[in-house]
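*Asks:* Quick one: the structure is below, and I'll ask about it shortly.
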Amino acid sequence: MSPCGRALHTSRGAMAMLARKFPRTRLPVGASALCVVVLCWLYIFPVYRLPNEKEIVQGVLAQRTAWRTNQTSASLFRRQMEDCCDPAHLFAMTKMNSPMGKSLWYDGELLYSFTIDNSTYSLFPQATPFQLPLKKCAVVGNGGILKMSGCGRQIDEANFVMRCNLPPLSSEYTRDVGSKTQLVTANPSIIRQRFENLLWSRKKFVDNMKIYNHSYIYMPAFSMKTGTEPSLRVYYTLKDVGANQTVLFANPNFLRNIGKFWKSRGIHAKRLSTGLFLVSAALGLCEEVSIYGFWPFSVNMQGDPISHHYYDNVLPFSGYHAMPEEFLQLWYLHKIGALRMQLDPCEEPSPQPTS
């Protein structure tokens, strides 16, 4: 036998001896399932250290420079949005992308789907009702950093203004957040909490909607099964009274793809915030994007305490969104010139001297 053959024979014998001495055991079914759960959890919520609030604020202050738009960065990111999520065609449910008989899965639930029938199909516009590309867009979050910002006039100068979650726009706020609205989101949870699901009285809701003038009300009717009925009630309520607003239903495939896109870039949360969904859509629909009120921290740039929202200090449920992670992604897009993030107070014209 050659030396190589003897070595191979010896190796096999050693392996057989080890196998007899340490026989393989199978993991119990429960242990195997637990391993799968742990691996999935680490994939969804990986263990890593995110900078704390103070470190993020200090980092922003250290990295601030005069902002300049970068058309190359903006075009590249718009192309990425088009490739992954196609907002021009999938932003809202339409007769073109959601034909009768099509089955779609709720993007926020794993076990439920729905089939588009004649009653729902008739609620959709023929196609996305925007003249694309939109020129100059402002996406307005609700962060407390907007209070005393004087940004209302700048916001209203945009061609297309998007707002989140039916925010108050009464006269006490317009100097800071403006009054113009082309699109505003409305989560079904807001319809439940503020307007009792429109089961008892619709007048309060209709009166509240008047502040948004001729805007689109963008609702994720098919994200969670519990949100479908409240969303449909909003549609029929506004239609019955001949309101100026038009309801658009978010396409669950669009929302799902946006979630995957940001997850691949390091945002790990149960669900993205409404604000990030809107900014993502704007980056795919608009030539220029400026964002306001996207500051999820308890102090402003000068270190002074601020409220969570510009209109109240109600904190969100912890662990549902990953707001600091979202901010860091948006801050990066600001730094490369793909969008403009307004963090300082806006300059207001000096009052004219009286004669």
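Just so you know, glycine gets a Cβ as well, placed from its N, Cα and C.
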*Asks:* According to the record in Swiss-Prot, which candidate from Cys4, Cys346 pairs with Cys151 in a disulphide?
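*Replies:* In Swiss-Prot, Cys151 forms its recorded disulfide with Cys346.
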*Asks:* Determine, on the basis of Swiss-Prot, the cysteine among Cys85, Cys137 paired with Cys286 in a disulphide.
*Replies:* Cys137
*Asks:* Using DSSP and three states only, what is Gly275 (CMP-N-acetyl-beta-neuraminate binding site)?
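*Replies:* In the DSSP reduction, Gly275 (CMP-N-acetyl-beta-neuraminate binding site) maps to helix.
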*Asks:* Which residues in the same chain, at least 6 apart in sequence, have a Cβ under 8 Å from the Cβ of Asn142 (CMP-N-acetyl-beta-neuraminate binding site)?
*Replies:* Cys164, Asn165, Pro167, Gly275, Gly293, His309, Tyr310, Tyr311
*Asks:* DSSP secondary structure for Asn165 (CMP-N-acetyl-beta-neuraminate binding site), reduced to helix/strand/coil, please.
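*Replies:* In three-state terms, Asn165 (CMP-N-acetyl-beta-neuraminate binding site) counts as coil.
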*Asks:* For the CMP-N-acetyl-beta-neuraminate site made of Asn142, Asn165, Ser273, Thr274, Gly275, Trp295, His309, how many Å separate the two farthest Cα atoms?
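*Replies:* Spelled out: the longest distance between any two Cα atoms in Asn142, Asn165, Ser273, Thr274, Gly275, Trp295, His309 is 16 Å.
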